[in-house]
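Trainee: If you scroll down you'll find the structure; I have some questions about it.
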Amino acid sequence: MSAELIAVYKDEQIIDLESAKVLGLSDGIKALNGTEPIYFDDSPLALEVIRHSCAHLLAQSLKALYPDAKFFVGPVVEEGFYYDFKTASKISEEDLPKIEAKMKEFAKLKLAITKETLTREQALERFKGDELKHAVMSKISGDAFGVYQQGEFEDLCKGPHLPNTRFLNHFKLTKLAGAYLGGDENNEMLIRIYGIAFATKEGLKDYLFQIEEAKKRDHRKLGVELGLFSFDDEIGAGLPLWLPKGARLRKRIEDLLSQALLLRGYEPVKGPEILKSDVWKISGHYDNYKENMYFTTIDEQEYGIKPMNCVGHIKVYQSALHSYRDLPLRFYEYGVVHRHEKSGVLHGLLRVREFTQDDAHIFCSFEQIQSEVSAILDFTHKIMQAFDFSYEMELSTRPAKSIGDDEVWEKATSALKEALKEHRIDYKIDEGGGAFYGPKIDIKITDALKRKWQCGTIQVDMNLPERFKLAFTNERNHAEQPVMIHRAILGSFERFIAILSEHFGGNFPFFVAPTQIALIPINEEHHVFALKLKEVLKKRDIFVEVLDKNDSLNKKVRLAEKQKIPMILVLGNEEVETEILSIRDREKQAQYKMPLKEFLNMVESKMQEVSF
């Protein structure tokens, strides 16, 4: 079965076998010019087809178990697939095995999956009385609607799908959640069931192991256990509270970045949190991003709370006249921004409404784009290396709708390619995926569980300099428009720390650990020595805690281990008298003794091991 053809890939689109029949291509589908065959296996394109069909298998089973069920959408997503639906019946996660069993029943029936195409009028009539399907159709333009059938079940869908349910043998329903209709909290709440599917038993087994590991590493769970951050309903959804340990972790990263940025010629700047709406109209945010912004009125003047830092940095640039000798100008800011995210998509620190970007904007001449991007790529590599992340780059090129002439776009895109080539970075190309105002490079990191995360971006902008009439005096004493490069490597501190927490499972490396050393005095008479040692370490910029509660030694050691503290020092008579310390080293997975002076030299050295 693994060699069976299930679809083809052509013009960045998957065409399943049923769609090929509708298009009259079924006889020559393999011979179509420019097609890539998709076989039944665990490749990304095949999994997209498999998981889409498994979503329909889920809906078919739900309809059989709960006849009043109505269905909204059931897409393939990064973590598998889901289906949003509603029913008068109460459904909990305890019902998932029953639903899964029904899915296996239908799969074993080897039902053919067929497709027909209806007009809008026919589709509205076919799904008469189904307000959820009518809601789906209202968001689709055109007059052609695909309907897929398997057995007595049918669903409005554009595909792609497998030719038969017999392919669906290795799947698992993973969780149940609530989801607002269309992600809008003003709409009714639907039930959402998530699932995963693979072509092979091994693929499913490996994934389920990864899921269990991911649950242990969930940053929301670790945030509570390690006292890093919290959320409070009285404050509001998507607005994190940084607790002392989390703030220490974050500040350490900020400080390391700041040191590196200053050495790399960046200047710190700071813009206001709210700006008049007039300036957002000039930038285009008011017309194109308004629904994601928060607004307030002061003295009858409308202000917008900034969703991005770029306008403030533009105003810094405009605060003085510039010549070519001043360029490049590199401004950075840990800028707090606010974006109106729908409550249904909020997720711990990964998706919040207030966050801080490691933002920078570079104003340079066109000829300086390559060298500036090259420097950013070098900076990115050092940061990713320090945090033990592998990463990949994706270059997005000119979309169909864009500003600027072909020559300008070609030069900008070529500059990005040459910078990537200079650093011998393999990269993917997203043809037409750039912003309308310039090409970009996306930075995607891979964590310890082999999950990919979108973090940083390097974006060439030829739009905002034009909108704000930015200029510098060139060598010929003429006014010339600079290029603006938007640059964020981490993306946001919130998102990066969430990913970092899950990458290390809370076992942060020594140089950023929120508590780096735990001092455990065995008895009260050892407490004074512990406090003195704490002060010595604090002067070396080490985060230290003294665990001096009236608990047993074993309990205090377990507490330090549970808090994932890299080094634990147990202080008793011998340590106090000889100043030879007993060290439990998490990173080395060893216990050893070391004279105090040598230990201090070691921790100082560990703090200096990492620089960006």
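These residue numbers are counts, starting from 1, taken along the chain as shown.
Glycine too: its Cβ is placed from the backbone N, Cα and C atoms.
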Trainee: Among His361, His381, His423, His527, which residue does Swiss-Prot name as a further Zn(2+) binder in the site formed by Cys310, His486?
Mentor: His361
Trainee: What is the number of other Cβ atoms found within 10 Å of the Cβ of His486 (Zn(2+) binding site)?
Mentor: 22
Trainee: Within 8 Å of the Cβ centre of Cys310, His361, His486, which other residues of the chain have their Cβ, at the recorded Zn(2+) site?
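Mentor: Residues close to the Zn(2+) site, other than Cys310, His361, His486: Met308, Asn309, His313, Ile314, Asp359, Ala360, Gln459, Asp461, Leu464, Met484, Ile485, Arg487.
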Trainee: In sequence order, which residues at least six apart in the same chain have a CB under 8 Å from the CB of Cys310 (Zn(2+) binding site)?
Mentor: Ser283, Asp359, His361, Asp461, Leu464, Met484, His486
Trainee: If you draw a 10 Å sphere on the Cβ of His361 (Zn(2+) binding site), how many other Cβ atoms land inside?
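Mentor: Excluding its own Cβ, His361 (Zn(2+) binding site) sees 27 Cβ atoms within 10 Å.
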Trainee: Average pLDDT across the region 'Catalytic' (218-509)?
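Mentor: So the average pLDDT across the region 'Catalytic' (218-509) works out to 95.
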